[in-house]
C-alpha cells in the first residue's frame, strides 16, 4: 500500500510501546528510538514507521515526501489534565503568593477558585470560547494535539454547562481534540458554604444526569482536600457518577493526604491527580488498582513549594504516571507542556524516555484514547510532533524554549515553523 505522506530522514523517531495497557513502573523506561527514521501516513493514519530508506512499496506517484534531517518526531503530545475554560485571571493574587500566603488561605478569603467562579459566571459563551481558543492555539504551537478539559468554575448548572458547551464547540472547531471532564465538585460554592453534602446531592440528583443525558462529559472529577471535600464526600459523588457510567478522576494528596487515593483505588478511578503528598501506602494501593498518577510539577513550581510528587517512588512501586500542565488561572497559569516535561526531568529525576512515554502513550490511556493516539502503531491517527532537536534528550535538556518545528494532526500539517496553518 502506498503512502499519501512520507516523512523521512529524521535523526530519531520516538516510538512508545503500546502493550495494551498503560506503561507501569519499569515499562516506562522502554521505547523504540528509530535512527534515520521515517513515518508513512495513509488517509490520516499511521501506515508504517522504520529506519533508513523506506520500502519502495510505500512510494507511489502521488506520495508527498518530506525530509527532516536534524529533527526528531514523537507522537502528538497529550495534555491530560487542564482547567481550560474560565473567566478572568488571578494575577491580583500573585503578591499574596509571593508573600507566602498559603493556597487554602487565599481560598478561605474568597479568592482562588472562588474568584474565578465569579468571573466565569459573568462571562458569556463567546468570551469563554475566544479565551480558551487562544490557549489551545498556544498549546498547538507547542506540539500538543489532544487536551483534557474540565469544568469546575461555574459551581452551578448554568455555568458548568456553558463551560462544557465551550469544550464541545472547540472540540468540533479546533485542530486539537478535546476530552471533557465534569468537575462541579471543584469547590463548595458560596451559596452552599457549610453545606457541602447538600451541594453534592444537587450535583448527583440534578447535574450529573443532565451531563450524561446531553453527552457533555466522559469523566467526573472532584477536589478531595482539607477544606474542600472529604474522602467520604468524594466517595459518595464518584460512586454515584460511576453508577451513571462516567469514568472517574480525583484530585488527591495535593496539599494534605486525607484519603483521596484510597477512594481512587477502591472505585477503580482512571487517574488520581497531583499526588504531591502521596504516602508509600497510598502509592502501593494505586499501583495495585492500576490507577494512573497524573503528575503536575508546574503546579508545585507555581505555588513555590518544595515537594514534588514522588515520581520515582511511584515507578518503583509499579505505577503508571503521566505529566500534564494543570493549566488554570490560579495555581498553575501556564499552557506549556514542554516546560512541564522539562520539570519532570529537572525536579523529578525522570529520564527523557520516561517523560516522553508520560506525555504520549500513558497520557492517551489517561484520556481513554489509547486506541486512537499516543503511539505510532499502524492504524492509529497520524498525530505527529516534530521538534528541532538532534536527539530525544535535547528537548528535555534545552529548557524554556519552544522547539516545535511542525505538527501534523491526522496527517494534516497544522503548525509550520511557529505558525498555525
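Each Cβ is built from the backbone N, Cα and C atoms, and glycine gets one as well.
In the record from Swiss-Prot, residues 328, 330 bind N-formimidoyl-L-glutamate; the candidate from 68, 129, 138, 153 listed for the same site is 153. Checking the candidates 9, 21, 251 against Swiss-Prot: the one annotated together with 81, 83, 326 at the Fe(3+) site is 251.
Going through 254, 256 against Swiss-Prot, the one listed in the 4-imidazolone-5-propanoate site together with 90, 153, 186, 331 turns out to be 254. Considering only the binding-site residues 81, 83, 186, 251, 254, residue 330 (N-formimidoyl-L-glutamate binding site) has 83 as its nearest partner by CA-CA distance. Ranking the binding-site residues 81, 83, 251 by the distance of their Cα atoms from the Cα of residue 331 (4-imidazolone-5-propanoate binding site) places 83 first. Within 10 Å of the Cβ of residue 153 (4-imidazolone-5-propanoate binding site) there are 32 other Cβ atoms, across all protein chains. Binding of N-formimidoyl-L-glutamate is attributed in the record to 153, 328, 330, and the widest Cα separation among these residues amounts to 12 Å.
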